Amino acid sequence: MDRIRITGGNVLNGTLPISGAKNAALPLMIASLLTDDTLTLDNVPHLADVESLIRILGNHGVDYSVNGRRENQQKGYSRTIHFTARSIVDTVAPYELVSKMRASFWVIGPLLARMGEARVSLPGGCAIGTRPVDLFIDGLRALGAEIEIEQGYVHAKAKNGLIGNRYVFPKVSVGATHVLMMAAALAKGETVLENAAREPEIVNLADCLNAMGAKISGAGTDTIRIDGVTSLSGARHRVIPDRIETGTYAMAVAMTGGDVMLEGAQADLLESALGTLEQTGAEITRANTGIRVRRNGGGINPVDITTQPFPGFPTDLQAQFMGLMTMARGRSHITETIFENRFMHVQELARLGAKISLSGQTAVVDGVAQLRGAPVMATDLRASVSLVIAALAAEGQTEVNRVYHLDRGFERLEEKLSACGAAVERISS
Ligand SMILES: CC(=O)N[C@H]1[C@@H](OP(=O)(O)OP(=O)(O)OC[C@H]2O[C@@H](n3ccc(=O)[nH]c3=O)[C@H](O)[C@@H]2O)O[C@H](CO)[C@@H](O)[C@@H]1O
Ligand SMILES: C=C(OP(=O)(O)O)C(=O)O
(Lines of atoms letter the chains of each structure in order from A and count residues from 1; the text may use other names and numbers.)
(Lines give C-alpha, C1' and ligand atoms only; values in the text may rest on other atoms or scores of the structure.)
(Ligands and ions follow the chains in the order given, each with its own letter.)
Protein backbone atom coordinates (compact mmCIF):
# COMPACT_ATOMS: atom_id res chain seq x y z
CA MET A 1 0.00 0.00 0.00
CA ASP A 2 1.45 3.41 -0.99
CA ARG A 3 2.38 6.02 1.60
CA ILE A 4 3.13 9.72 1.26
CA ARG A 5 6.15 11.06 3.12
CA ILE A 6 6.25 14.78 3.85
CA THR A 7 9.03 16.77 5.47
CA GLY A 8 7.41 19.92 6.76
CA GLY A 9 8.62 23.48 6.92
CA ASN A 10 8.95 24.58 3.30
CA VAL A 11 6.94 27.52 2.02
CA LEU A 12 5.04 27.03 -1.25
CA ASN A 13 5.91 29.17 -4.24
CA GLY A 14 5.18 28.92 -7.95
CA THR A 15 2.36 27.78 -10.20
CA LEU A 16 0.05 24.88 -9.48
CA PRO A 17 -2.36 23.68 -12.19
CA ILE A 18 -5.92 22.86 -11.11
CA SER A 19 -7.46 19.71 -12.60
CA GLY A 20 -10.99 19.02 -13.80
CA ALA A 21 -13.45 18.42 -10.97
CA LYS A 22 -14.00 14.82 -9.88
CA ASN A 23 -17.49 15.61 -8.66
CA ALA A 24 -18.42 17.18 -12.00
CA ALA A 25 -16.74 14.54 -14.17
CA LEU A 26 -18.53 11.59 -12.53
CA PRO A 27 -22.14 12.68 -13.23
CA LEU A 28 -21.14 13.88 -16.71
CA MET A 29 -19.70 10.44 -17.50
CA ILE A 30 -22.92 8.84 -16.22
CA ALA A 31 -24.93 11.09 -18.55
CA SER A 32 -23.36 9.16 -21.46
CA LEU A 33 -25.82 6.36 -20.62
CA LEU A 34 -28.69 8.61 -21.80
CA THR A 35 -27.79 8.52 -25.50
CA ASP A 36 -26.63 6.04 -28.16
CA ASP A 37 -24.44 8.80 -29.57
CA THR A 38 -20.91 9.81 -28.41
CA LEU A 39 -20.47 12.16 -25.47
CA THR A 40 -17.01 13.72 -25.50
CA LEU A 41 -15.77 15.15 -22.23
CA ASP A 42 -12.76 17.45 -22.04
CA ASN A 43 -10.66 18.01 -18.91
CA VAL A 44 -11.56 14.69 -17.23
CA PRO A 45 -9.22 14.25 -14.25
CA HIS A 46 -7.04 11.16 -14.05
CA LEU A 47 -8.26 9.71 -10.75
CA ALA A 48 -9.07 6.36 -9.19
CA ASP A 49 -12.78 7.26 -9.03
CA VAL A 50 -12.85 8.04 -12.75
CA GLU A 51 -11.18 4.71 -13.54
CA SER A 52 -13.69 2.87 -11.33
CA LEU A 53 -16.61 4.58 -13.04
CA ILE A 54 -15.20 3.73 -16.47
CA ARG A 55 -15.32 0.05 -15.39
CA ILE A 56 -18.88 0.39 -14.09
CA LEU A 57 -20.08 2.10 -17.27
CA GLY A 58 -18.29 -0.55 -19.34
CA ASN A 59 -20.37 -3.17 -17.58
CA HIS A 60 -23.51 -1.44 -18.90
CA GLY A 61 -22.10 -1.32 -22.44
CA VAL A 62 -20.39 2.07 -22.58
CA ASP A 63 -17.34 2.04 -24.84
CA TYR A 64 -14.69 4.69 -24.31
CA SER A 65 -11.56 6.00 -25.91
CA VAL A 66 -9.05 8.53 -24.70
CA ASN A 67 -8.10 11.33 -27.11
CA GLY A 68 -9.28 9.04 -29.91
CA ARG A 69 -7.04 6.19 -28.71
CA ARG A 70 -7.24 3.54 -26.04
CA GLU A 71 -5.74 4.85 -22.88
CA ASN A 72 -1.99 4.46 -22.46
CA GLN A 73 -0.71 7.98 -22.79
CA GLN A 74 -0.21 11.03 -20.61
CA LYS A 75 -0.65 9.06 -17.43
CA GLY A 76 -1.79 11.21 -14.58
CA TYR A 77 -3.05 14.21 -16.55
CA SER A 78 -6.57 15.44 -17.29
CA ARG A 79 -7.77 14.01 -20.57
CA THR A 80 -10.41 14.14 -23.27
CA ILE A 81 -12.51 10.98 -23.19
CA HIS A 82 -15.18 9.86 -25.65
CA PHE A 83 -18.02 7.76 -24.18
CA THR A 84 -20.46 5.84 -26.37
CA ALA A 85 -23.37 3.78 -25.03
CA ARG A 86 -24.53 2.47 -28.42
CA SER A 87 -26.66 -0.09 -26.63
CA ILE A 88 -27.16 -0.85 -22.95
CA VAL A 89 -26.17 -4.48 -22.46
CA ASP A 90 -26.91 -4.76 -18.73
CA THR A 91 -29.17 -2.72 -16.44
CA VAL A 92 -27.69 -4.26 -13.29
CA ALA A 93 -24.99 -2.35 -11.37
CA PRO A 94 -23.46 -4.97 -9.07
CA TYR A 95 -22.35 -4.62 -5.47
CA GLU A 96 -18.68 -5.39 -6.26
CA LEU A 97 -18.49 -2.26 -8.43
CA VAL A 98 -20.96 0.15 -6.81
CA SER A 99 -19.85 -0.38 -3.21
CA LYS A 100 -16.56 1.45 -3.86
CA MET A 101 -17.97 4.82 -4.79
CA ARG A 102 -21.07 6.80 -3.92
CA ALA A 103 -21.58 8.37 -7.34
CA SER A 104 -21.82 5.00 -9.10
CA PHE A 105 -25.33 4.65 -7.63
CA TRP A 106 -26.36 7.56 -9.85
CA VAL A 107 -26.51 5.28 -12.95
CA ILE A 108 -30.00 4.42 -11.67
CA GLY A 109 -31.42 7.63 -13.20
CA PRO A 110 -30.23 7.26 -16.81
CA LEU A 111 -30.70 3.46 -16.89
CA LEU A 112 -34.29 3.79 -15.72
CA ALA A 113 -35.04 6.66 -18.09
CA ARG A 114 -33.54 4.98 -21.16
CA MET A 115 -34.28 1.29 -20.49
CA GLY A 116 -37.34 1.40 -18.20
CA GLU A 117 -35.52 -0.67 -15.60
CA ALA A 118 -32.46 -0.64 -13.35
CA ARG A 119 -31.16 -2.82 -10.54
CA VAL A 120 -28.45 -1.00 -8.65
CA SER A 121 -26.64 -2.01 -5.49
CA LEU A 122 -26.88 0.35 -2.54
CA PRO A 123 -23.79 2.58 -2.75
CA GLY A 124 -20.51 2.99 -0.85
CA GLY A 125 -18.28 6.07 -0.85
CA CYS A 126 -16.49 7.95 1.91
CA ALA A 127 -17.48 6.74 5.39
CA ILE A 128 -18.64 10.16 6.57
CA GLY A 129 -22.20 9.36 7.63
CA THR A 130 -25.06 6.97 6.98
CA ARG A 131 -25.70 8.46 3.51
CA PRO A 132 -29.18 7.01 2.79
CA VAL A 133 -30.80 7.00 -0.67
CA ASP A 134 -34.39 7.78 0.37
CA LEU A 135 -34.52 11.03 -1.61
CA PHE A 136 -33.52 9.25 -4.83
CA ILE A 137 -36.23 6.68 -4.25
CA ASP A 138 -38.95 9.22 -3.36
CA GLY A 139 -37.99 11.43 -6.28
CA LEU A 140 -37.96 8.61 -8.85
CA ARG A 141 -41.29 7.38 -7.47
CA ALA A 142 -42.68 10.88 -8.01
CA LEU A 143 -41.71 10.42 -11.70
CA GLY A 144 -43.77 7.21 -11.79
CA ALA A 145 -41.12 4.58 -11.08
CA GLU A 146 -42.00 1.45 -9.11
CA ILE A 147 -39.20 0.78 -6.65
CA GLU A 148 -38.39 -2.09 -4.35
CA ILE A 149 -35.32 -2.69 -2.23
CA GLU A 150 -34.29 -6.32 -2.12
CA GLN A 151 -31.09 -7.97 -0.92
CA GLY A 152 -29.10 -4.74 -0.92
CA TYR A 153 -30.27 -3.71 -4.39
CA VAL A 154 -32.63 -0.94 -5.45
CA HIS A 155 -34.85 -2.33 -8.20
CA ALA A 156 -36.57 0.41 -10.18
CA LYS A 157 -39.06 -0.09 -13.01
CA ALA A 158 -40.94 2.26 -15.34
CA LYS A 159 -41.99 0.03 -18.20
CA ASN A 160 -44.02 2.74 -19.93
CA GLY A 161 -41.48 5.46 -19.26
CA LEU A 162 -41.14 8.12 -16.60
CA ILE A 163 -43.69 10.92 -16.31
CA GLY A 164 -42.80 14.51 -15.39
CA ASN A 165 -43.98 15.79 -12.01
CA ARG A 166 -43.25 18.34 -9.30
CA TYR A 167 -40.86 17.11 -6.60
CA VAL A 168 -39.85 19.12 -3.56
CA PHE A 169 -36.64 17.82 -1.97
CA PRO A 170 -37.16 17.65 1.80
CA LYS A 171 -33.39 18.15 2.13
CA VAL A 172 -30.81 19.46 -0.33
CA SER A 173 -29.02 16.59 -2.06
CA VAL A 174 -26.42 16.96 -4.78
CA GLY A 175 -26.64 13.33 -5.92
CA ALA A 176 -30.43 13.15 -5.92
CA THR A 177 -30.61 16.43 -7.91
CA HIS A 178 -28.17 15.00 -10.51
CA VAL A 179 -30.20 11.79 -10.80
CA LEU A 180 -33.64 13.39 -11.03
CA MET A 181 -32.39 15.90 -13.59
CA MET A 182 -31.02 13.07 -15.78
CA ALA A 183 -34.14 10.93 -15.36
CA ALA A 184 -36.53 13.83 -16.01
CA ALA A 185 -34.62 14.80 -19.17
CA LEU A 186 -36.18 11.74 -20.88
CA ALA A 187 -39.54 11.73 -19.01
CA LYS A 188 -42.86 12.62 -20.66
CA GLY A 189 -43.86 16.20 -19.87
CA GLU A 190 -42.54 18.77 -17.43
CA THR A 191 -40.72 18.14 -14.15
CA VAL A 192 -40.16 20.85 -11.56
CA LEU A 193 -37.54 20.15 -8.88
CA GLU A 194 -37.79 22.42 -5.86
CA ASN A 195 -35.22 22.89 -3.10
CA ALA A 196 -32.73 21.47 -5.62
CA ALA A 197 -28.97 21.55 -4.99
CA ARG A 198 -27.28 24.66 -6.47
CA GLU A 199 -23.71 23.35 -6.63
CA PRO A 200 -21.63 24.30 -9.71
CA GLU A 201 -21.46 20.59 -10.61
CA ILE A 202 -25.28 20.65 -11.07
CA VAL A 203 -24.95 23.56 -13.50
CA ASN A 204 -22.12 21.77 -15.35
CA LEU A 205 -24.34 18.70 -15.79
CA ALA A 206 -27.40 20.74 -16.85
CA ASP A 207 -25.30 22.57 -19.46
CA CYS A 208 -24.07 19.24 -20.81
CA LEU A 209 -27.58 17.75 -20.92
CA ASN A 210 -28.82 20.86 -22.74
CA ALA A 211 -25.97 20.48 -25.26
CA MET A 212 -27.27 16.92 -25.75
CA GLY A 213 -30.74 18.29 -26.55
CA ALA A 214 -32.38 18.37 -23.11
CA LYS A 215 -34.59 21.28 -22.08
CA ILE A 216 -33.47 22.30 -18.61
CA SER A 217 -33.68 25.73 -17.05
CA GLY A 218 -32.97 27.09 -13.60
CA ALA A 219 -29.91 24.95 -12.75
CA GLY A 220 -27.89 26.87 -10.18
CA THR A 221 -31.09 28.09 -8.47
CA ASP A 222 -33.23 26.04 -6.11
CA THR A 223 -35.94 25.48 -8.75
CA ILE A 224 -35.04 23.47 -11.84
CA ARG A 225 -37.52 22.99 -14.70
CA ILE A 226 -37.07 20.12 -17.12
CA ASP A 227 -39.18 19.66 -20.25
CA GLY A 228 -38.79 16.00 -21.14
CA VAL A 229 -37.63 15.07 -24.67
CA THR A 230 -37.88 11.71 -26.44
CA SER A 231 -34.16 11.27 -27.08
CA LEU A 232 -30.80 12.91 -26.49
CA SER A 233 -27.86 13.21 -28.86
CA GLY A 234 -24.10 13.29 -28.43
CA ALA A 235 -22.23 16.47 -27.48
CA ARG A 236 -18.84 17.81 -26.50
CA HIS A 237 -18.53 19.33 -23.05
CA ARG A 238 -15.83 20.54 -20.65
CA VAL A 239 -15.51 19.52 -17.01
CA ILE A 240 -15.27 22.59 -14.74
CA PRO A 241 -12.13 23.16 -12.64
CA ASP A 242 -12.10 21.39 -9.29
CA ARG A 243 -13.22 23.88 -6.63
CA ILE A 244 -12.32 21.47 -3.83
CA GLU A 245 -8.81 20.92 -5.16
CA THR A 246 -8.53 24.72 -5.56
CA GLY A 247 -9.62 25.36 -1.97
CA THR A 248 -7.33 22.62 -0.69
CA TYR A 249 -4.19 24.07 -2.25
CA ALA A 250 -5.24 27.60 -1.29
CA MET A 251 -5.40 26.38 2.31
CA ALA A 252 -2.03 24.68 1.94
CA VAL A 253 -0.47 28.02 0.92
CA ALA A 254 -2.26 29.81 3.77
CA MET A 255 -0.74 27.18 6.07
CA THR A 256 2.88 27.22 4.89
CA GLY A 257 3.07 30.80 3.67
CA GLY A 258 4.36 31.66 0.21
CA ASP A 259 2.92 32.77 -3.10
CA VAL A 260 1.20 30.36 -5.50
CA MET A 261 -0.82 30.87 -8.66
CA LEU A 262 -3.58 28.24 -8.83
CA GLU A 263 -3.69 28.06 -12.59
CA GLY A 264 -7.09 27.49 -14.21
CA ALA A 265 -8.97 27.90 -10.91
CA GLN A 266 -12.27 29.76 -11.05
CA ALA A 267 -13.03 32.03 -8.09
CA ASP A 268 -16.82 32.13 -8.54
CA LEU A 269 -16.94 28.38 -7.77
CA LEU A 270 -15.70 28.89 -4.19
CA GLU A 271 -16.26 32.48 -3.07
CA SER A 272 -17.36 31.45 0.41
CA ALA A 273 -14.13 29.52 1.07
CA LEU A 274 -11.98 32.26 -0.48
CA GLY A 275 -13.68 34.89 1.72
CA THR A 276 -12.97 32.74 4.77
CA LEU A 277 -9.33 32.36 3.76
CA GLU A 278 -9.03 36.15 3.44
CA GLN A 279 -10.27 36.44 7.02
CA THR A 280 -7.47 34.10 8.11
CA GLY A 281 -4.98 36.62 6.71
CA ALA A 282 -4.25 35.10 3.30
CA GLU A 283 -4.21 37.46 0.34
CA ILE A 284 -6.33 36.26 -2.56
CA THR A 285 -6.15 37.76 -6.05
CA ARG A 286 -8.82 36.71 -8.52
CA ALA A 287 -7.45 36.73 -12.08
CA ASN A 288 -8.75 35.55 -15.45
CA THR A 289 -6.16 32.79 -15.56
CA GLY A 290 -6.59 31.56 -11.99
CA ILE A 291 -6.36 32.52 -8.35
CA ARG A 292 -3.20 33.82 -6.67
CA VAL A 293 -2.84 32.98 -2.98
CA ARG A 294 -0.25 34.64 -0.77
CA ARG A 295 0.67 34.73 2.86
CA ASN A 296 3.96 36.42 3.52
CA GLY A 297 4.70 36.61 7.22
CA GLY A 298 1.99 37.27 9.78
CA GLY A 299 0.17 34.54 11.63
CA ILE A 300 -3.03 32.68 10.79
CA ASN A 301 -6.17 34.29 12.24
CA PRO A 302 -8.70 31.88 13.77
CA VAL A 303 -12.05 31.93 11.91
CA ASP A 304 -15.29 30.05 12.71
CA ILE A 305 -17.04 28.19 9.91
CA THR A 306 -20.24 26.20 9.44
CA THR A 307 -20.58 23.92 6.43
CA GLN A 308 -23.61 24.55 4.21
CA PRO A 309 -24.84 23.54 0.76
CA PHE A 310 -23.58 25.81 -2.07
CA PRO A 311 -23.01 28.76 -1.99
CA GLY A 312 -22.05 28.19 1.67
CA PHE A 313 -18.76 26.82 2.95
CA PRO A 314 -18.43 23.30 1.42
CA THR A 315 -18.28 20.23 3.63
CA ASP A 316 -15.61 18.89 1.26
CA LEU A 317 -13.25 21.64 2.52
CA GLN A 318 -14.07 21.30 6.20
CA ALA A 319 -11.25 18.88 7.05
CA GLN A 320 -8.67 20.95 5.15
CA PHE A 321 -9.79 24.12 6.93
CA MET A 322 -9.45 22.34 10.25
CA GLY A 323 -5.91 21.42 9.22
CA LEU A 324 -5.20 25.13 8.70
CA MET A 325 -6.83 26.16 11.98
CA THR A 326 -4.59 23.79 13.97
CA MET A 327 -1.88 26.46 13.71
CA ALA A 328 -4.07 29.58 14.03
CA ARG A 329 -3.34 32.20 16.69
CA GLY A 330 -6.28 31.29 18.91
CA ARG A 331 -9.52 29.31 19.03
CA SER A 332 -11.85 28.49 16.13
CA HIS A 333 -15.14 26.58 15.90
CA ILE A 334 -15.83 24.29 12.97
CA THR A 335 -19.42 23.10 12.63
CA GLU A 336 -20.35 20.29 10.23
CA THR A 337 -24.02 20.32 9.20
CA ILE A 338 -24.03 18.08 6.11
CA PHE A 339 -22.61 14.75 7.31
CA GLU A 340 -22.97 13.44 10.85
CA ASN A 341 -19.63 11.61 10.97
CA ARG A 342 -17.15 13.81 9.15
CA PHE A 343 -14.63 14.35 11.92
CA MET A 344 -12.44 11.26 11.47
CA HIS A 345 -9.45 13.52 10.81
CA VAL A 346 -9.59 14.94 14.35
CA GLN A 347 -7.78 12.06 15.98
CA GLU A 348 -5.20 11.88 13.19
CA LEU A 349 -4.49 15.63 13.37
CA ALA A 350 -4.02 15.12 17.13
CA ARG A 351 -1.11 12.76 16.35
CA LEU A 352 0.65 15.79 14.84
CA GLY A 353 0.05 17.78 18.03
CA ALA A 354 -3.22 19.53 17.14
CA LYS A 355 -5.52 20.48 20.02
CA ILE A 356 -9.09 19.75 19.01
CA SER A 357 -12.10 18.77 21.07
CA LEU A 358 -15.48 17.71 19.78
CA SER A 359 -18.79 18.96 21.06
CA GLY A 360 -21.59 17.38 19.03
CA GLN A 361 -21.26 18.58 15.46
CA THR A 362 -18.75 21.30 16.37
CA ALA A 363 -14.99 20.93 16.65
CA VAL A 364 -13.24 23.42 18.87
CA VAL A 365 -9.71 23.98 17.60
CA ASP A 366 -7.08 25.68 19.74
CA GLY A 367 -4.24 26.67 17.49
CA VAL A 368 -0.74 25.56 18.50
CA ALA A 369 2.54 27.30 17.70
CA GLN A 370 4.07 24.21 16.10
CA LEU A 371 2.88 20.80 14.86
CA ARG A 372 5.31 17.87 14.82
CA GLY A 373 5.54 15.11 12.20
CA ALA A 374 4.21 11.61 13.00
CA PRO A 375 2.81 8.56 11.20
CA VAL A 376 -0.88 9.14 10.43
CA MET A 377 -3.64 7.32 8.59
CA ALA A 378 -5.90 8.63 5.87
CA THR A 379 -9.51 7.80 6.78
CA ASP A 380 -11.35 9.32 3.84
CA LEU A 381 -10.62 11.46 0.83
CA ARG A 382 -10.75 14.98 2.26
CA ALA A 383 -9.58 13.90 5.72
CA SER A 384 -6.43 12.54 4.13
CA VAL A 385 -5.54 15.81 2.46
CA SER A 386 -6.12 17.71 5.70
CA LEU A 387 -3.25 15.63 7.10
CA VAL A 388 -1.11 16.64 4.13
CA ILE A 389 -1.83 20.33 4.84
CA ALA A 390 -0.90 19.93 8.51
CA ALA A 391 2.21 17.90 7.63
CA LEU A 392 3.46 20.59 5.24
CA ALA A 393 3.85 22.94 8.20
CA ALA A 394 4.81 20.36 10.85
CA GLU A 395 8.37 20.08 12.08
CA GLY A 396 10.03 16.88 10.85
CA GLN A 397 8.63 13.96 8.91
CA THR A 398 5.05 12.75 8.54
CA GLU A 399 4.00 9.57 6.78
CA VAL A 400 0.43 9.44 5.56
CA ASN A 401 -0.75 5.84 5.22
CA ARG A 402 -3.65 4.50 3.14
CA VAL A 403 -3.21 7.07 0.39
CA TYR A 404 -5.64 5.22 -1.85
CA HIS A 405 -8.20 7.59 -0.32
CA LEU A 406 -6.18 10.52 -1.63
CA ASP A 407 -5.85 8.96 -5.08
CA ARG A 408 -9.65 8.93 -5.41
CA GLY A 409 -9.73 12.69 -5.73
CA PHE A 410 -6.34 14.39 -6.10
CA GLU A 411 -4.52 14.18 -9.41
CA ARG A 412 -0.69 14.03 -9.08
CA LEU A 413 -0.75 15.62 -5.62
CA GLU A 414 2.88 14.94 -4.75
CA GLU A 415 4.08 16.21 -8.14
CA LYS A 416 2.04 19.43 -7.91
CA LEU A 417 3.17 20.22 -4.36
CA SER A 418 6.82 19.30 -5.03
CA ALA A 419 6.90 21.66 -8.01
CA CYS A 420 6.00 24.47 -5.57
CA GLY A 421 8.83 23.58 -3.20
CA ALA A 422 7.24 21.09 -0.79
CA ALA A 423 9.20 18.02 0.29
CA VAL A 424 6.62 15.35 -0.63
CA GLU A 425 7.31 11.89 -1.96
CA ARG A 426 5.30 8.74 -2.60
CA ILE A 427 6.64 5.51 -1.24
CA SER A 428 5.24 2.57 -3.16
CA SER A 429 5.18 -0.79 -1.48
C1 LIG B 1 -19.50 12.44 -5.81
C2 LIG B 1 -20.00 13.69 -5.19
O3 LIG B 1 -20.34 14.63 -5.87
N4 LIG B 1 -20.01 13.71 -3.88
C5 LIG B 1 -20.41 14.93 -3.20
C6 LIG B 1 -21.91 14.92 -3.02
O7 LIG B 1 -22.23 13.76 -2.28
P8 LIG B 1 -23.73 13.30 -2.19
O9 LIG B 1 -24.44 13.62 -3.44
O10 LIG B 1 -23.70 11.90 -1.73
O11 LIG B 1 -24.26 14.23 -1.00
P12 LIG B 1 -25.73 14.76 -0.79
O13 LIG B 1 -25.79 16.20 -1.18
O14 LIG B 1 -26.70 13.83 -1.42
O15 LIG B 1 -25.87 14.64 0.79
C16 LIG B 1 -26.27 15.73 1.59
C17 LIG B 1 -26.99 15.21 2.80
O18 LIG B 1 -28.22 14.62 2.40
C19 LIG B 1 -28.34 13.33 2.94
N20 LIG B 1 -29.14 12.50 2.01
C21 LIG B 1 -28.77 12.41 0.71
C22 LIG B 1 -29.49 11.62 -0.15
C23 LIG B 1 -30.59 10.93 0.33
O24 LIG B 1 -31.28 10.18 -0.39
N25 LIG B 1 -30.94 11.06 1.62
C26 LIG B 1 -30.24 11.84 2.50
O27 LIG B 1 -30.57 11.94 3.68
C28 LIG B 1 -26.91 12.85 3.10
O29 LIG B 1 -26.79 11.79 4.02
C30 LIG B 1 -26.24 14.12 3.58
O31 LIG B 1 -26.45 14.28 4.94
O32 LIG B 1 -22.29 16.10 -2.29
C33 LIG B 1 -21.72 16.17 -0.97
C34 LIG B 1 -22.29 17.43 -0.31
O35 LIG B 1 -21.85 18.56 -0.95
C36 LIG B 1 -20.21 16.18 -1.06
O37 LIG B 1 -19.67 16.11 0.24
C38 LIG B 1 -19.70 14.99 -1.86
O39 LIG B 1 -18.32 15.15 -2.12
C1 LIG C 1 -17.27 12.66 -0.12
C2 LIG C 1 -16.71 12.67 -1.33
O3 LIG C 1 -16.86 11.72 -2.27
P4 LIG C 1 -18.01 10.59 -2.32
O5 LIG C 1 -19.30 11.34 -2.35
O6 LIG C 1 -17.74 9.86 -3.58
O7 LIG C 1 -17.85 9.75 -1.10
C8 LIG C 1 -15.84 13.80 -1.72
O9 LIG C 1 -15.60 13.98 -2.93
O10 LIG C 1 -15.35 14.51 -0.82
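Yeah, the Cβs are placed from backbone N, Cα and C, and that goes for glycine too.
What TrEMBL records for this protein:
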type: ACT_SITE; residues: C126; note: active site, proton donor
type: BINDING; residues: K22, N23; note: phosphoenolpyruvate binding site
type: BINDING; residues: R102, R131, P132, V133, D134, L135, K171, V172, S173, V174, D316, I338; note: UDP-N-acetyl-alpha-D-glucosamine binding site
type: DOMAIN; residues: 7-417; note: domain 'Enolpyruvate transferase'
type: MOD_RES; residues: C126; note: 2-(S-cysteinyl)pyruvic acid O-phosphothioketal
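Its Cβ placed at the centre, P132 (UDP-N-acetyl-alpha-D-glucosamine binding site) has 10 other Cβ atoms within 10 Å.
The number of other CB atoms found within 10 A of the CB of D134 (UDP-N-acetyl-alpha-D-glucosamine binding site), across every protein chain shown, is 11.
For the pair formed by N23 (phosphoenolpyruvate binding site) and S173 (UDP-N-acetyl-alpha-D-glucosamine binding site), distance between Cα atoms is given as 13 Å, rounded to the nearest Å.
Checking the binding-site residues R102, P132, D134, K171, S173, D316 against ligand 2 with a 6 Å cutoff on the Cβ atom leaves R102, D316, in sequence order. All protein chains shown were included, and the count of other CB atoms within 10 Å of the CB of K22 (phosphoenolpyruvate binding site) stands at 26.
Geometry remark: R102 (UDP-N-acetyl-alpha-D-glucosamine binding site) versus K22 (phosphoenolpyruvate binding site), CA distance 12 Å. Here the Cα atom of D134 (UDP-N-acetyl-alpha-D-glucosamine binding site) is found 24 Å from that of K22 (phosphoenolpyruvate binding site). It is 23 Å from the Cα atom of K171 (UDP-N-acetyl-alpha-D-glucosamine binding site) to that of K22 (phosphoenolpyruvate binding site). The average pLDDT for the domain 'Enolpyruvate transferase' (7-417) in the predicted structure is 95. Note on proximity: of the binding-site residues P132, S173, D316, the one nearest K22 (phosphoenolpyruvate binding site) is D316, by Cα distance. In sequence order, L135, F136, A197 make up the list of same-chain residues 6 or more apart from S173 (UDP-N-acetyl-alpha-D-glucosamine binding site) whose Cβ falls under 8 Å from its Cβ. When the binding-site residues K22, R102, K171, D316 are checked against ligand 1, R102, K171, D316 have a Cβ within less than 6 Å of one of its atoms. For the binding-site residues listed here (R102, D316), the lowest count of other CB atoms within 10 A around the CB belongs to R102.
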